[in-house]
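Some notes on the structure that comes next.
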Amino acid sequence: MKKFSFQFNLIDEDDERIPHGNLTYIVAFLIPLIMFMALYYVREIYPFGDNCYLRSDMYHQYAPFFKELWRKLAHGESLSYSWDIGMGTNFTALYAYYLASPVNWLIVLFPQKYIIEIMNAIIIIKASLASVAFTYYISRHFNNKSCAIALFGMFYGMSGFIAAYSWNIMWLDCIVMLPLVMLGLERLVNENKCLLYCISLGFCIYTNYYIAIMICISVVLYFVVLMFVYNRNRSFKIYLKKFFNFCLYSLLAGGLAACLLLPVMYAFSLSASSSSTFPETLTNYFSIVSMLCRHLINIPVHLGLEHYPNIYCGVMVFMLIPLYLMNKNAKTGEKVGKCLLLLIFLTAYNLNIPNYIWHGFHYPNSLPARQSFIYIFFLLTMCYEGFKDIKQYSKKQIGTAFAIAFAIMLFIEECGLNEMYEWKSVYISAAFIIVYALLALFYNRNRLKAPILLFVLFASAIIECTINMENTGLSTTGRSAYLLDNAAVDNLLEKVRADDTGFYRIEKTFGLKTKNDAAWHGYPSISTFSSTAPSGITDLLGSFGCEHSMNAYSYHGSTLATASIFNVKYIISNKLLPESNLFNFYYGSDGEFLYENKYTLPVGFMVDSAIEDRWITNSPYNGIEVQNSFYKTNTGIEDVFEQVYEFRTDTEVNFTPYTNAHMYAVVRNVNCDTVTVTINGKMYTYSGLKNGNRIIDIGYVTTEDSVILAGDTSMNALVYAMDSDKFVRACNILSSGGLNVTKHSDTAISGTVNTARDGVMFFSIPYDNGWTVKVDGKKVSAFAIKDAVLGINLSAGEHTIELKYRPVNLIPGIMITLASILILAALTLFGKYVREGRIDSSKLPGFVQDYLRDDDSLHN
């Protein structure tokens, strides 16, 4: 039996003054770690100040979702469903998209109040691990543990992609694993060793299947390159064997992640992302000069819709790629194949159809060129191959490479400068190129001692990466501001939970940070901003006049009727709101106020059996009429809301209500984005109307009040007064056949109902085939009302209702994952036993013997 040995070499055997061996991996980890920590200190990121790194979606989505995960892990709650997100959401699908990294489970070991700091720490650790992973790849691919390779790991871990997207914390595992996937693929082709490839790719797919799509595409392309340059036994059987291994272990990698893949495939079929169509015409986005500019230092990262890739990975690439092409030790076939790979990536950045394909047959909603880290991986690999033989180049070759790099700088200065690409970036890049060229020349000509040159090289590269990250990455926000309402909202929730143990929802109006505040604070709500948001609910709430977009919807734009229909019993606001007999103050704590909607319908109630046909939900820009139609269809009561004023062209109007009522304004001009309501001098601002929330809650007003409506442009507004008597009558009719919830949990609701009529039970729960509904112990068919909410047919009389949730395809997915693990283990052990002689392979068929050989020899 072979003994396992691990040699931890610290110095170069040829030059004891130069660090070498496994110390290289430590250096590759520590350099980015220290750089990030230094930048955290400069940016005053907690605990070095009162800032935190919460950029873009990390602010609006990831932090709230991490906190929801923390609660579920800490309290032993189900990972299948959550009521705190979007009226109820398939948490397994959300977990698969945002939270699947196994590292995230460690957050439960830390206090909840440090969630942001835990996330910030995870970012710098994973960026440092990405540096180690790339360093490891280089060391294994080129059989070299020179300390210099840690520089290339640093360029990978501190690249423009990391500067732009490090806050996309759910992508980082794939960034770390990519070098291992590619190393595993090389072993599969060259050594017939498939385990590393299968496990690393499976891990990528499991932790973030979306980014894994891009890795899978690149794996196919790189496999073609590897097969093209394969120079051993070129028989058809050997090629077939490698192709078979590639297909088999790729399928097993997908199977390892099937426990998440299958459930999320169904969830995404319900989302707006499933409706994208293949582009019909080929168009380009920007010039080739812009592509070159994106490699410069200090180029602002791009997160918008203009498709610019974030591909900076050190300006040394401008010199090293020409050197790579001049390197006689690099195989011509590899040069051609890898250059074609780079060309494919660059083309995909600039052309719409390849861009669409690379992003999983979907156009990204901002955050362009999400596959850029793979391009950076191949580019840096080629650069290292140009770097490692620096001693063997002639002075002329080094001079030529420098001339090419400098000519590119001059070309960019002449043709590429604009508001995005400043001359400073060109000059700073050129300065570093000069430094690197001099170092290459000195080392090539033995003008300075190697340790001195290595020190200057490290110092220059570290300074370059630090400058770039400081100027382009790590945008911060105020930590205290983000956490400001935590204690007050917790007090409100503690109060209401002590008083009311029923099933209800809570929403936040004034003082809302994000559409996922409910996930952050831990209360059930109807709002969400998530890539897994069901499009049916988005459309339905949009028809009600609520804020909505492709992957988000919220309570903004709601009325008391909307709140009632969707079981929103309590409202949190950091402003005092007008009260009435329908809506009153409940409790307050430290500037946060809790209000109660007095007439909230239960989570399930009876509606007309013909609701699908009779309820009109397509009233353009007028959600009030949709609500009127709902009440007329299901109660027979008309005009719960009555139009009382119309202001077609006014930008500002002042009126005194003719009656005491709760009033709403419908803003029909889609160009109007902000409206202020001033009642007796007290101002309320409603912004973001272009997101679909066309209804302005004026509040309860009397004939003695002065009301001013002011828009940022003409409003084309209709003002409605709610008839409280009609509203109460309608609510009483609907609640009389409502579900009396006796028990509820993360994944189940049960209760009783006594209805006087046959009809449909309307559940304010997003439709999902994962719901199983039983009436009086017998399973019944559930269906979608308006392609949005759950419904069942129900006869008159007394019934017990049970709803239970299990994600669609979860069990088949788990079974496939377990089967894949068993098959992978069996294949691995069988091959191991054959190699060790514990299984006599001579008795096996010849083609099996050929398959099991690692040396690609064939059976005679």
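In case you wondered, yes, glycine gets a Cβ from its N, Cα and C as well.
A TrEMBL annotation is a machine prediction, not a hand-curated record.
TrEMBL annotations:
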type	residues	note
TRANSMEM	23-42	transmembrane segment
TRANSMEM	118-138	transmembrane segment
TRANSMEM	150-172	transmembrane segment
TRANSMEM	209-231	transmembrane segment
TRANSMEM	243-268	transmembrane segment
TRANSMEM	309-327	transmembrane segment
TRANSMEM	339-357	transmembrane segment
TRANSMEM	369-387	transmembrane segment
TRANSMEM	399-420	transmembrane segment
TRANSMEM	426-443	transmembrane segment
TRANSMEM	450-469	transmembrane segment
TRANSMEM	810-830	transmembrane segment
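By the count of Cβ pairs under 8 Å, the stretch nearest in packing to the transmembrane segment (450-469) among 150-172, 243-268, 339-357, 369-387, 399-420 is 150-172. With a cut-off of 8 Å between Cβ atoms, the residues of this chain six or more beyond the transmembrane segment (150-172) that come close are 24-25, 27-28, 31-32, 35, 53-58, 62, 97-101, 119, 122-123, 126-135, 138, 179, 207-208, 211, 294, 299, 301-303, 310-314, 316, 367, 370, 372-373, 376-377, 380, 383-384, 387, 457-458, 461-462, 465, 468-469, 472-474. Long-range contacts of the transmembrane segment (339-357) within the same chain, counting only residues at least 6 positions beyond its ends with a Cβ under 8 Å from a Cβ of the stretch, are 217-218, 221-222, 225, 276, 278-279, 282-286, 288, 291, 307-309, 325, 363, 368-369, 371-372, 374-375, 378-379, 382. Proximity of the transmembrane segment (118-138) to the transmembrane segment (23-42) is established through 3 or more Cβ-Cβ distances under 8 Å for residue pairs spaced 6 or more apart. Counting same-chain residues at least six beyond the ends of the transmembrane segment (23-42), those with a Cβ under 8 angstroms from any Cβ of the stretch are 8-11, 48, 53, 120, 123-125, 127-132, 134-136, 139, 145-147, 149-150, 153-154, 157-158, 458, 462, 465-466, 469-470, 473-474.
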